[in-house]
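Swiss-Prot lists N61, N494 with the feature N-linked glycosylation site, giving sequence analysis as the kind of evidence. The active site, proton donor feature in Swiss-Prot is assigned to E204; the stated evidence is similarity to another entry. Residues annotated as disulfide bond in Swiss-Prot: C223-C230. Per Swiss-Prot, the feature motif 'Prevents secretion from ER' maps to 521-524.
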Amino acid sequence: MALQKFPLLGLLFLITIVVSSTIAVDDPVCPTTSKLSRASFPNGFVFGTATAAFQVEGAINETCRGPALWDIFCKRNPERCSGHNADVAVDFFHRYKEDIQLMKNLNTDAFRLSIAWSRIFPHGRKEKGVSQAGVKFYHDLIDELLKNGIIPFVTVFHWDTPQDLEDEYGGFLSENIVKDFREYADYVFTEYGGKVKNWITFNEPWVFAHAGYDVGKKAPGRCSRYLKGCEDRDGRSGYEAYLVSHNLLNAHAEAVEVFRQKVKGGKIGIAHSPAWFEPHDLKDSNDVPTVSRVLDFMLGWHLDPTTFGDYPQIMKDLLGHRLPKFTSSQKAKLKDSTDFVGLNYYTSTFSNHNEKPDPSTPSWKQDSLVAWEPKNVDHSAIGSQPLTAALPVYAKGFRSLLKYIKDKYANPEIMIMENGYGDKLKDKDSVEVGTADYNRKYYLQRHLLAMNEAICIDKVRVTGYFVWSLLDNFEWQDGYNNRFGLYYVDFKNNLTRYEKESAKYYKDFLGQGVRPSALKKDEL
């Protein structure tokens with residue numbers, strides 16, 4: 001109401017939110033508090049929730065949105081999406097104002113969203129048409145966030161390649177994607193860069209390349225027939241994932257070049273998604289080095305080029321001609337092409353030296369000479385895994401990973417773009433069962449504490465944290481069977497949202513302390 005009555009004050013409020021949306025904590029000072037809360041973190045620390053366009057928006061036939069890779073993947077192979085699709089998803093497209101009120105209820109500062117490429121360019125390229133209705137939707141969404149005091153963090157690409165580009169030249173298998181992605185990124189930076197200062201070019205490039213083009217678990221489902229479960233699928237494991245990542249990295253560099261010309265005062269990064277690893281046998285001299293080796297293959301694969309300008313040396317040594325080479329000009333563009341390290345952390349496991357891989361059946365996991373083990377040499381599991389949990393819970397690994405990045409990459413600014421707990425409920429489970437998510441509450445408590453220790457004790461420069469996810473949503477090959485939301489979505493009854501116990505905890509946690517939007521500019 002105040003914004004409507006006093007338009008000048010409203011404008012100043014929006015400007016304040018935009019200006020204060022690029023926040024750095026160079027020398028974190030951690031207050032002493034009686035219990036862990038927002039007040040336990042440095043001034044200016046940003047807390048939020050996250051989603052992705054394909055997973056929540058729905059409305060696939062509105063705004064002239066073109067088909068995306070996952071639309072076709074799930075329709076052609078419904079069994080590979082658990083029989084589900086994202087045609088409606090959780091209907092965020094129509095309910096975003098309602099959902100922004102849920103964000104406000106949580107006391108969050110920020111919201112991470114993604115833009116659907118084919119909602120802007122239905123056919124993948126500007127010359128083939130721009131959907132002005134799609135452009136307007138994201139303007140309206142961003143404006144509504146700002147009006148409610150919530151800082152938008154925007155991901156340019158979250159796995160939803162326009163199907164037209166996939167059909168035309170194979171999407172990210174072709175270097176043609178580099179110029180098309182640059183054009184798309186240029187358009188969204190120009191369109192929204194005056195309002196949005198925090199950007200991610202690519203979400204989880206390791207998962208996108210490995211799961212989509214090496215083991216075939218995610219779209220487009222490509223893998224070699226010698227891999228278990230890939231008998232009837234096209235692809236070339238051990239080759240295509242490296243090519244896809246190479247094109248993705250060059251596309252990132254081109255987009256960042258445009259970004260730094262167009263978005264003044266902004267920050268940009270990539271959201272990486274490594275697990276943490278502990279040696280299978282601490283007394284085995286072959287197992288101990290597997291931690292750094294597998295992290296080079298999982299994290300360094302994309303973080304080394306954007307930091308140092310080239311792939312990790314171990315990848316070059318082990319892959320040989322199968323790893324594409326950057327030109328000198330590409331290296332120059334890639335080096336220092338991120339302003340912060342985006343990190344998505346979920347789980348940890350054990351790493352074991354794999355001494356004798358079969359050279360006739362290459363794959364990403366085999367290439368690193370590392371086997372992943374659920375238990376160590378003493379038959380102990382890593383962390384805990386409740387019965388409904390999708391992944392083991394190991395908060396210590398979160399802190400260890402943060403310290404690893406600090407030490408290896410010269411203490412960069414880090415933003416936790418995703419952290420969350422998935423539980424696989426049964427169809428018969430009631431809303432009451434779904435909202436009593438005490439395991440998720442415990443997960444958040446442990447990981448927020450681990451992050452606080454990394455900041456305050458290890459002096460890691462973490463400046464923001466986003467819970468995955470605001471809402472239960474479409475979880476790729478798991479469909480709607482794997483729930484990560486702070487809010488329960490009743491898929492059987494009008495997609496009604498219900499507050500979970502974890503949401504109540506996060507709201508209480510964030511209710512204690514000063515929000516960044518309430519700080520003076522010189523305090524940020």
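Glycine is no exception: its Cβ is also placed from the backbone N, Cα and C atoms.
Positions of the features from Swiss-Prot, shown on the structure.
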residue : record                      : CB count, 10 Å
N61     : N-linked glycosylation site : 8
E204    : active site, proton donor   : 23
C223    : disulfide bond              : 26
C230    : disulfide bond              : 20
N494    : N-linked glycosylation site : 9
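The recorded positions shown are E204, C223, C230, N494; of these, the one with its CA atom nearest the CA of N61 (N-linked glycosylation site) is N494. DSSP classifies C223 (disulfide bond) as strand under the three-state reduction. In this structure, the CA atom of N494 (N-linked glycosylation site) is 37 Å away from the CA atom of C230 (disulfide bond). Separating the Cα atoms of C223 (disulfide bond) and E204 (active site, proton donor) is a whole-number distance of 19 Å.
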